[in-house]
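Structure record follows, encoded as structure tokens.
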Amino acid sequence: MNTLIQEAIKLVEAGETEKGLNTLSKAEKQLHDEDKAIAAQLYYEWGDVEKAISLISDLHDLYPNETELTNFYAELLIDIDEEEKALAVLETIPETDPSYPESLLLMADLYQMQGLFEVSEQKLFQAKSILDNEPVIDFALGELYFAQGAYAKAVQYFKTTAEEQSEIGGVNVHQRLAESLSASGEFEDAIPWYEKAVDENPDPNTIFGYGFTALQAGLVKTAIKQLSDLKELDPSYTSLYMPLSKSYEAEGMYEEALKTAKEGIRYDEYNKELFLYAAKMALKIGKSEEGKKLLQEALALDPGFVEALHTLLAVYHKEEDYDQIIDLIQEVRSYGEEDPKYNWYLASAYTELEQYEEAKQSFEAAYLHYREDRDFLYEYASFLLEEGLQKEALPLLKKVLEMDGANEELEETILRIEDEFSR
């Protein structure tokens with residue numbers, strides 16, 4: 001190997017990449033063709049793809065039958081988005097050439113990038129028919145299916161790859177296998193592979209995947225351990241806070257669940273789901289005022305956040321704060337938000353506030369959506385009876401009785417009303 005190339009390598013290894021590239025550039029004119037190929041590979045590894053292409057393009061013209069050079073040239077062209085040119089270069093390699101399977105892999109990669117998954121799959125199977133036990137081909141098939149969301153298929157090929165290698169192209173095979181199993185709903189099967197992946201490469205994404213999957217598998221303590229470790233490693237990894245909070249909740253640690261959700265809000269202040277979850281935990285442990293405040297903040301982020309609205313309305317209803325129910329619904333309606341349950345809440349609130357005309361209008365509007373809801377029908381019928389509207393209440397009571405099957409008190413009420421009308 002040329003001494004200037006050796007010097008350039010030493011400079012880059014010492015962290016002086018710019019000097020290394022300059023030294024390599026100075027060496028170009030005195031390099032033999034074999035060393036030019038080495039220099040091109042170094043340029044590529046050090047991030048100067050254009051210089052790598054300049055050298056390899058000339059070498060490819062000089063040695064068109066050197067198919068390893070051809071594949072490398074195509075790989076460089078793919079890197080600069082010259083996909084059609086790369087494909088044309090790859091198609092010059094004959095099927096009988098030892099480098100042909102590699103060219104098929106590169107073609108498959110190209111077609112996958114273009115969204116032509118079936119063509120990509122065909123190229124990979126063609127390569128596999130030549131080299132049946134090559135882990136790189138199995139891994140490429142796994143990656144193809146993984147990219148398509150066909151996780152069960154991906155599992156098959158990642159498992160085969162994992163028997164031979166734990167890493168390919170800088171990708172941890174055990175992590176990919178674990179992710180595929182988890183995405184397939186095979187949470188328990190994913191756990192041992194996540195354990196291996198975290199041992200080999202404890203990066204935040206792998207730890208998160210492990211913790212999240214452990215929670216899905218019901219291994220709550222493992223989930224808490226992994227997600228807590230991740231929080232310590234990178235507290236700004238916002239996705240960890242919801243599953244960690246839910247893990248604490250599953251252990252009955254509601255205070256810790258609330259605390260964790262609020263920590264998450266500090267890093268992800270526009271996450272309405274975290275506000276809602278924190279509110280539910282606050283309400284669960286009797287912190288009603290804090291719960292209401294968190295729900296109001298969730299609604300400030302999204303006035304149409306239905307679950308937060310329903311939760312806050314339920315709190316107001318439990319606290320018999322009927323004015324707040326009316327004010328909240330009127331406010332969200334002013335934003336153009338609507339939900340069938342609003343009329344039911346309004347009907348109940350107006351009834352309690354003795355605003356009977358408004359209550360009747362709200363019941364009538366709600367009936368369009370809740371005519372098959374037993375609790376609504378009973379409440380509506382009770383309101384009508386209180387208002388002396390027995391004739392209107394009667395069909396509702398009969399419907400409730402039909403749903404209940406047997407209800408002596410209800411039967412007596414119906415008979416009494418029918419008797420009054422028969423006189």
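Heads up, the Cβ atoms here are built off N, Cα and C, so glycines get one too.
As recorded in Swiss-Prot:
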- 33-66: repeat 'TPR 1' (REPEAT)
- 67-100: repeat 'TPR 2' (REPEAT)
- 135-168: repeat 'TPR 3' (REPEAT)
- 171-204: repeat 'TPR 4' (REPEAT)
- 238-271: repeat 'TPR 5' (REPEAT)
- 272-305: repeat 'TPR 6' (REPEAT)
- 306-339: repeat 'TPR 7' (REPEAT)
- 340-373: repeat 'TPR 8' (REPEAT)
- 374-407: repeat 'TPR 9' (REPEAT)
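Note on the repeat 'TPR 4' (171-204): residues 139, 142-143, 146, 149, 151-152, 154-155, 158-159, 161-162, 165, 210, 212-214, 216-217, 219, 222, 226, 230, 233-234, 237 of its chain, located 6 or more positions outside it, place their CB under 8 angstroms from a CB of the stretch. For the repeat 'TPR 2' (67-100), the model's average pLDDT works out to 90. Residues of the repeat 'TPR 9' (374-407) grouped by DSSP class, helix first, strand second and coil last, total 28 helix, 0 strand, 6 coil.
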